[in-house]
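Student: Okay, here's the structure, questions in a sec.
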């Protein structure tokens with residue numbers, strides 16, 4: 001006979017605990033929510049603050065039904081549209097709301113005044129979410145887009161000279177790369193521009209920032225360029241997953257590690273070659289230009305930090321402009337009326353490549369690009385975390401006019417896609433692509449935020465607009481027409497940026 005030294009649960013008791021676990025979790029969430037509600041109620045009624053409407057969760061405060069809904073929308077390539085539906089489901093004229101996931105409260109807004117407070121007037125009350133910081137550390141080593149405070153100010157100051165008027169207006173450089181792009185487009189054959197544009201923007205970006213292009217569009221470099229693009233794309237997709245599920249940053253990913261090492265080696269080669277070339281002689285191609293790695297080296301930055309900043313800028317410079325070009329041409333291939341108007345606008349040039357100033361004066365082209373960015377902002381969702389107890393200027397109370405109290409540590413999501421599709425701001429046809437609307441509307445600074453706003457506004461926005469407009473003009477000068485090989489509506493694939501879920505498959509037709 002054995003001697004029992006302690007309690008040994010039988011299978012029945014273990015089963016009871018397993019069955020009780022969901023109930024215990026639910027009770028914990030409810031208790032936490034009730035406690036939080038009492039605290040929030042007391043704090044939110046200070047200084048005239050009132051709570052905003054709450055999203056009508058089907059599973060009360062767990063919020064899992066809506067989370068699964070967003071995941072479904074992402075799989076269906078309609079996630080930016082789902083952001084607007086979040087507000088519409090919460091009531092008429094709701095532009096700021098409370099939202100729960102596992103009992104934890106966050107806020108969403110598409111109100112320009114609230115977005116202005118977060119990005120500008122109360123800039124110091126808000127910081128980057130910890131998930132974003134961790135993601136950039138894991139995937140890119142850190143850098144300007146994953147830091148805030150003094151560290152961000154320092155990175156921003158180093159980067160700003162790269163986007164002077166002289167750098168942006170260098171159409172001689174753009175013309176050369178436009179020729180390389182055109183040489184890769186066969187007449188009358190299907191080509192996926194979504195594959196070519198990242199190569200183009202990588203070539204332009206590296207020459208603008210480093211004084212020398214990596215030559216991605218050169219057939220001799222295609223193998224290296226393809227590997228770089230594949231590695232880059234995997235990193236960006238992983239970053240999207242990490243920001244959605246921060247726990248993933250703790251898990252080992254051998255594929256990610258290999259991609260990061262390859263991109264880091266690539267950046268190291270670019271940095272070392274650029275610094276070595278600049279130290280030997282001042283090449284004519286670099287005269288008057290701010291060569292990014294060289295200037296960082298002059299400031300005494302360690303080589304590793306230079307590589308990190310270079311990779312950050314390569315991500316932004318390649319992907320943002322490539323995504324914008326893809327959006328423009330997905331729609332142009334469906335809109336022969338727009339192509340005709342753009343050809344008419346280009347006709348006075350007589351086939352001569354436009355200058356930067358001439359591109360800026362092309363009114364319909366500018367309106368078309370503005371409308372693309374309104375309907376499909378490249379980054380349709382952003383977020384901040386309250387660095388201190390603060391308030392949003394409005395959105396609270398039954399009429400939505402009272403300020404809203406935000407407790408320190410609370411996350412706020414703001415969607416440029418939901419904002420820029422508001423019918424009260426852009427008309428009943430706000431969901432349609434209509435460039436002509438820009439002949440009569442003049443949205444305020446925070447009613448139209450395709451590149452963000454405030455101190456953290458995208459430093460490369462003018463470069464992206466110039467490149468996208470210039471390359472669009474050059475392709476239109478080279479080809480008489482373009483037809484789409486895609487059927488159905490635009491597929492809003494969203495990772496870090498919005499891209500076309502089915503690529504940009506088109507056929508170009510030469511002028512005869």
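Placed from the backbone N, Cα and C atoms, the Cβ positions cover glycine too.
Fair warning: this is a prediction, and the values are worked out from it, not measured in the lab.
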Student: Quick test of your reading of Swiss-Prot: among 12-32, 33-53, where does it put transmembrane segment?
Tutor: 12-32
Student: Can you give me the Cα-Cα distance between residue 272 (N-linked glycosylation site) and residue 458 (heme binding site) in Å, rounded to a whole number?
Tutor: 27
Student: Do you know offhand how many angstrom separate residue 458 (heme binding site) and residue 277 (N-linked glycosylation site) by C-alpha?
Tutor: 29
Student: Identify, among the glycosylation sites 272, 277, the residue whose Cβ has the fewest other Cβ atoms within 10 Å in this structure.
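Tutor: 272, out of the glycosylation sites 272, 277, has the fewest neighbouring Cβ atoms within 10 Å.
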